[in-house]
Amino acid sequence: MLSINNIVKQYAEHRALDDVSMHIEKGTIFGLLGPNGAGKTSLIRIITQITAPDSGYIMFNDDVLQPEHISKIGYLPEERGLYKKMQIGDQLLYLAQLKGLSKEEAKKRIKHWFEKMEMQSWWSKKVEDLSKGMQQKVQFVATVLHQPELLILDEPFSGFDPVNAEIIKKEILELHSNGTTIIFSTHRMESVEELCDNIALINKSRKILDGPVIDIKNSYRENKYKITYIGAQVIDPNDTLFTVEKRLTDNHATTLYLKIAEGKTINHMLSYLIPQVEIQHVEEIIPTIHEIFIKEVTSINAN
Amino acid sequence: MNKIVLIIQREYLSRVKKKSFLVTTFLVPFLFIAMYALIFYVALNNREPITTVYVVDQSGFVANKLEDTEHLLFLSTDESIASLKKKMERGETSSLLLVVPAGVATSQTVELYDTEKKGIGTINTLESKLNDILRAKALADAGIDINTLNGIKPAVSIKSKELTVDGEKDSHVGTAIGISFGLSILIYISLFLYGNQVMRGIIEEKSNRIIEVVISSVKPFQLMMGKIIGVGLVGVTQFVLWIILSVSFMAATSAVMINAKPEMHTPVKMQDGVGNGEVKQNNQERQSKMETIVQQIKAIDYPYVLGCFLIYFIGGYLLYSALFAMVGSAVDSETETQQFMLPIIMPLLFTYMLSFSVLINNPHGSLAFWLSMVPFTSPIGMLVRIPFGVPVWQLLLSIALLVIGFLLTTYAAARVYRVGILMYGKKASYKELFKWFRYKG
């Protein structure tokens, strides 16, 4: 769908993107992660053709990215904006026409979306009369009206209350199931794990990590487990099987957070424990994307 | 191309639909007419309050010859100067003290005491009255009959004709100056008015952050040009409406004024029979002056002047609004615009100031020529010269230079604009702007 190849963008003294490449599969939700100022917005602006890269190129569906592709891309910027004095309906009509829709078609689709989002009565309201959450809804509709093949959402949930965030999430998933490719730029890692198939992590102008969420998480597994059991108070291994990181005890059960030693598996661990205690619960501790993000970013910035 | 039309449409309609547009469109010509009427009214009915002039005549031949006028009442008195001064200091009435010394015929000086500054009109009246009296006395002393002398009054009036390619033409310097003033004020105000609207529109889009949404659909250049053209069309619409309204108002007022003429010229207050003739004569003079002005105003080649005005308005507007757009893109809020405004305003302000002195006094001089050629100053420089007649080749050259000028500024402004609109929270300097200009892509 979209392949980004060796993109470099230089602003005066500051290099915003340094040889960044990534590939986004058709129909997937792709998470673009990174701390503030890492270069996410610069990359998005290059994909949306707001600016041009100094070197490198982008392929859109096997074609070099060009102005005709604008009508196939929808972009919801992080800093939302609408004309304050303009009526909602006229505003959406204008933005949709700028994307190349005919007036009639745009009107039809706006009506459809207004019904879907329960905002039928908003047509002649002005933006300045709407609450922030309502404005966000309008902005979201403006982004998807032209049925883009590629949807770029920069922090789509910021400013929404939980109810409206859920509505927007539902719409995003529906667009996804209809085959829309979605680039999802955010700091909110829980929504990344929930929604994204693939992610890329950018830090200090460079891509430091990318791939399917599951693979990344797997590669960051550290052989850590959480085991709850009933039985003897203390189990101290006298060999090199595991190290206990945390121990919680209540009336009858003990929970251990432990790291299994190199070369050993959970099976070794269990066969060691079973003769001694009654095991209630075993769970592998897999690092969240959030933890991976923090770990990678802080370790790089520390150097 | 279709998109730029959409942008122009939005920019145009969103402004024309505003109430403030309707208000200014209908109010301004009304104000102009009101001003026009007020000027005529004041010119025809200018009266000062009646002032008493105490005359202490030590020469003995002046006081009895001083005739009262509409607003000067002469009162010959024998009181001492000191007591009169005291009386005046107490400020009983608006009064003056005129002391005519014995040797006035030779010294040619009199003294005038007043409690408040008198208008130049009063001084002039007094001077001319005293001159007349002294002249009459001198003539009588020399044995010349004053009536005979007054009978000999050659009155040559110069009808100035200008030789141009089209043949002879009446040249009305006074009217030309008036038109020049009007045009230079109008173009100066309107360039800033509409340029400022472009700038404010861009700042609004930038601070609203809608710019990113729009820029992901159209090129920055399209958005900038769409806005400039849209606002420009609003300006043209406004001017066309002003012209239509002014002309119809003017026609209506002229009709009313012609009907009202007899009343307007009735002298209001007569002191006595003596002053009557003089006042009447003055009124006749005024009337004929007014008629000449009206005739000269009618004689102007309106299509030519208005055509030139529109050309220079559009050219100057395109050039300056590009600069205003550049400033708008570089800042985050209107308060930050000041530092960039000065150099933009300077050339126009400079020409505007000069238009009242150098340009009008010497509309064909070399300074006037250059000011009417440089694109940054020609919108005012050339318009001021147009009523005085400008050779066609100069007009065409100036227009061509203006077109080149606006193409270049638009190019430069667009390069700064495309970077500036995406820069937030960065205090822009000239160095920064130049850097943006040089960015690739």
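Any Cβ shown, glycine's included, is placed from N, Cα and C.
Annotated domain 'ABC-2 type transporter transmembrane' per TrEMBL: B:19-414, in sequence order.
The transmembrane segment feature in TrEMBL is assigned to B:21-44 (among others).
Look at TrEMBL and you will find B:173-193 (among others) tagged as transmembrane segment. With a threshold of 8 Å between CB atoms, the same-chain residues lying at least 6 positions outside the transmembrane segment (B:173-193) that come near it are 160, 235, 239, 293, 296-297, 299-300, 305, 309, 312-313, 316-317, 320, 345, 348-349, 351-352, 355-356, 359-360, 363, 379-380, 383-388.
Per TrEMBL, transmembrane segment is recorded for B:213-233 (among others).
Taken from TrEMBL, the feature transmembrane segment applies to B:239-260 (among others).
Residues or ranges marked as transmembrane segment by TrEMBL: B:304-328 (among others).
The list of residues near the transmembrane segment (B:340-360) in space but at least 6 beyond its ends in sequence, with Cβ under 8 angstroms from a Cβ of it, reads 177, 180-181, 184, 188, 191-192, 320, 323-324, 326-327, 330-331, 367-368, 371, 374, 376-377, 379-381, 384-385. Under the heading transmembrane segment, TrEMBL lists B:340-360 (among others).
The annotation transmembrane segment is assigned in TrEMBL to B:367-386 (among others).
Taking Cβ pairs closer than 8 Å, the transmembrane segment (B:392-414) reaches residues 220-221, 224-225, 308, 311-312, 315-316, 318-319, 322-323, 325-326, 369, 372-376, 378-379, 382, 386, 437 in its own chain, all 6 or more past its ends. Feature annotation from TrEMBL assigns transmembrane segment to B:392-414 (among others).
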